[in-house]
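Engineer: Structure provided below as structure tokens; questions to follow.
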């Protein structure tokens, strides 16, 4: 039997289909232009279109899929390439739509994470997307793939954690889907929110001369993951904030709303894949380059200690670790001058200035006597030799 969900028209339950049934279904419903003949496979499609994992990463996959899907209808103000899709359905606000998936063995390991913590994190990472666009979440839909050999009481524990996060941020979970998932626990959340049209933040507004800021420390979640994975022992005052950053990240909703409401950012993104990768998204969409100061990056002492314990450079955890869920934003010098007053008045931590936007396309890391081009290195689901892992 599939997992049971609340009795509501918004919920559906189903059993997983067998492989042959799925193949036959694909043959029936696929379009003539991508016909799956008997004996064909994803690998043959890939070879015909020059798509192999050794040459193919997550960013290019998204770009190629966008080309397949074609142009969006006119009510879509923002489609693929930002933190959320934005719909113009009339009225003073855009509706923001985002979706995130968490897969066991890729994003989390229940050996050191409770199901309640997982439920909370599942919603938090979606809220971070809305925060990056200055929005506030309103509604959520949950798709829960539950392993058939596990007690369904665990699904309720997961739900309690998700519900607690939803209450904290005023989100109503209004429906979804449940399915048997023999390969492991799989979670997808779709969140719908709103932002005033005049306030929406985007990734594409950075200009040469802007300054680069981050709302909080870098590398904490990656360091916390190392502590949990390796069973590292260090002072709890140092380890506990790092572990919390990994298990129960705090979306920067208040900071995102403040930046949007006060008009203090020219571009913004949330840090999910690592600042090296996420800053490149801003630069690519804005047509600019950037210079980061290694000395200005807010890397806590606990992160530096963990990095030494596992023989890593602390900058690797800060730049490439991912899952910080802070906001990275750019602003003009005039806007930057207002940040201390505005953030203090709101009772929020003052963001750290970490660099500047420049002409060109390169993202440079500056340290005393050294200048280095950084080329991403953050998390990519489809890279053959990922330098980081999310679980």
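Each Cβ is built from the backbone N, Cα and C atoms, and glycine gets one as well.
In case it helps, TrEMBL gives these features for our protein:
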BINDING   83, 98, 129  Mg(2+) 4 binding site
BINDING   83, 129, 270  Mg(2+) 3 binding site
BINDING   100, 177  Mg(2+) 1 binding site
BINDING   100, 129  Mg(2+) 2 binding site
BINDING   107, 323, 379  substrate binding site
BINDING   176, 177, 203, 272  ATP binding site
BINDING   273  Mg(2+) 5 binding site
DOMAIN    82-195  domain 'PurM-like N-terminal'
DOMAIN    207-361  domain 'PurM-like C-terminal'
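Could you give the neighbours, burial and distances for every feature on this list?
Structural biologist: DSSP gives residue 98 (Mg(2+) 4 binding site) a strand state. Less than 8 angstroms from the CB of residue 98 (Mg(2+) 4 binding site) sit 83, 84, 85, 126, 129, 130, 190, 191, 193, each of them six or more residues away in the same chain.
Its Cβ placed at the centre, residue 177 (Mg(2+) 1 binding site) has 17 other Cβ atoms within 10 Å.
Counting every protein chain shown, 23 other Cβ atoms lie within 10 Å of the Cβ of residue 107 (substrate binding site). In the three-state DSSP scheme, residue 107 (substrate binding site) falls into the coil class.
Residue density at residue 272 (ATP binding site): 23 other Cβ atoms are found within 10 A of its Cβ, drawing on all protein chains shown. According to DSSP, residue 272 (ATP binding site) is assigned to coil rather than to any helix or strand.
When Cβ atoms from all protein chains are considered, those within 10 Å of residue 273 (Mg(2+) 5 binding site) total 26, not counting its own.
Note: the domain 'PurM-like N-terminal' (82-195) comprises 35 helix, 46 strand, 33 coil (DSSP; helix = H, G, I, strand = E, B).
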Engineer: So for residue 129 (Mg(2+) 4 binding site), how many other CB atoms are inside 10 Å of its CB?
Structural biologist: 26
Engineer: In the structure shown, which of the binding-site residues 83, 100, 270 has the fewest other Cβ atoms within 10 Å?
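Structural biologist: Comparing Cβ neighbour counts within 10 Å for the binding-site residues 83, 100, 270 gives 100.
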Engineer: Rounded to the nearest angstrom, how far is the Cα of residue 100 (Mg(2+) 1 binding site) from the Cα of residue 176 (ATP binding site)?
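Structural biologist: Counting only the Cα atoms, the answer is 14 Å.
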Engineer: Taking each of 100, 107, 177, 323 in turn, which of these binding-site residues have a Cα lying within 10 angstroms of the Cα of residue 270 (Mg(2+) 3 binding site)?
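Structural biologist: Checking Cα-Cα distances against residue 270 (Mg(2+) 3 binding site), the binding-site residues within 10 Å turn out to be 323.
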Engineer: Whole-number Å only: compute the distance from the Cα of residue 100 (Mg(2+) 1 binding site) to the Cα of residue 272 (ATP binding site).
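Structural biologist: So the alpha carbons of residue 100 (Mg(2+) 1 binding site) and residue 272 (ATP binding site) sit roughly 11 Å from each other.
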Engineer: Tell me the Cα distance separating residue 177 (Mg(2+) 1 binding site) from residue 203 (ATP binding site), rounded to the nearest angstrom.
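Structural biologist: About 31 Å separates the two Cα atoms.
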